[in-house]
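To start, the structure under review is shown below, and the notes come after it.
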Amino acid sequence: MTSITHTISEIQKLTRQAISDARPVVLIPTMGALHEGHLSLVDTAYSLELDNPFVIMSIFVNPLQFAAGEDLDSYPRTLDADAAKLATHNHQVHAIFAPSPAEMYPLGPRTTITPGAAALRFEGATRPTHFAGVLTVVNKLFQITQCQHAIFGEKDFQQLALIRQMVADFNLPVHVHGSPLMRDHDGVALSSRNAYLSDTERVEARRISAALRQAAMFHVKHDIIAAAINAMAGMDIDYIDVVAPDFSEPTAGNELYGDARIITAVKVGSTRLLDNMAVNVEKPNA
């Protein structure tokens, strides 16, 4: 049976007991409105083959990561439906932590994390306060739950890289695991914001993953990007690029070759959609 907790003291009581029982604590942070992509994070937690893990899913629409004019107020909040989905999933979530903003920030967000240079590009350029909010709440969740493992989806690839950076820079005793990006039957990357799309916009959104698949057939960085842009001609592309898995910037003598990601954000109607795909970058022929 899944416990639903709303206070820090409640979830800490459960995690203290789990730690006392020598059970590894696994945290899956989400904002709710669960879909199959979120459920796959639970499957990833169990794929770690830990001994009797205590699995927590946090469901919290974090106001710190939304800027003025974004969809904080309209973001779907479906705790009862989320709990029902978890109850019927084939792998158990032992506790849901669903705090209020007042519970997480009783005196307001007085102390926040500055993510650094890697957060200034791509999502950070469009949403300059976003990653400070993400890293602040993730760090709080790590401290509250005292988790040893945390699962994050690879759809938000820049976010995953920044969380790994924070863990390394702050020497946090947490193993961060990426869970593969999940797609719907039509190839669209699973996202809670897909619910905003009209039927016509949904058809348009399919072009994004199709473009990335076409781009991944190429191996020179310029050709990869050009193929994706051509395949998404006429779409409202925010950014598209090929990046290192850790989002480090290539330098002279240390160019990006080998395993990489093509990442993009595209606006379809009023909805910004993120997607990415693994690519292999080779040196161009002389």
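The backbone N, Cα and C atoms fix where each Cβ goes, and this holds for glycine too.
Look at Swiss-Prot and you will find 31-38, 153-156, 190-193 tagged as ATP binding site, backed by sequence analysis. The active site, proton donor annotation in Swiss-Prot covers His38 and is backed by sequence analysis. Here Swiss-Prot flags Gln65, Gln159 as (R)-pantoate binding site, drawing on sequence analysis. Feature annotation from Swiss-Prot assigns beta-alanine binding site to Gln65.
Features as recorded by Swiss-Prot, highlighted on the structure.
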residue : record                    : CB count, 10 Å
Met31   : ATP binding site          : 17
Ala33   : ATP binding site          : 20
His35   : ATP binding site          : 16
Gly37   : ATP binding site          : 22
His38   : active site, proton donor : 25
Gln65   : (R)-pantoate binding site : 21
Gly153  : ATP binding site          : 23
Lys155  : ATP binding site          : 21
Leu190  : ATP binding site          : 17
Ser192  : ATP binding site          : 17
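Using a 10 Å Cα-Cα cut-off from Leu190 (ATP binding site), the recorded positions that qualify among His38, Gln65, Gln159 are His38. Met31 (ATP binding site) falls outside any helix or strand according to DSSP and counts as coil.
His35 (ATP binding site) sits 21 Å from Gln65 ((R)-pantoate binding site), taking the Cα positions as reference.
Gly37 (ATP binding site) sits 16 Å from Gln159 ((R)-pantoate binding site), counting Cα to Cα. Note on proximity: of the binding-site residues Gln65, Gly153, Lys155, Gln159, the one nearest the residue listed as 'active site, proton donor' is Gly153, by Cα distance. Here the C-alpha separation of Ala33 (ATP binding site) and Gln65 ((R)-pantoate binding site) works out to 17 Å.
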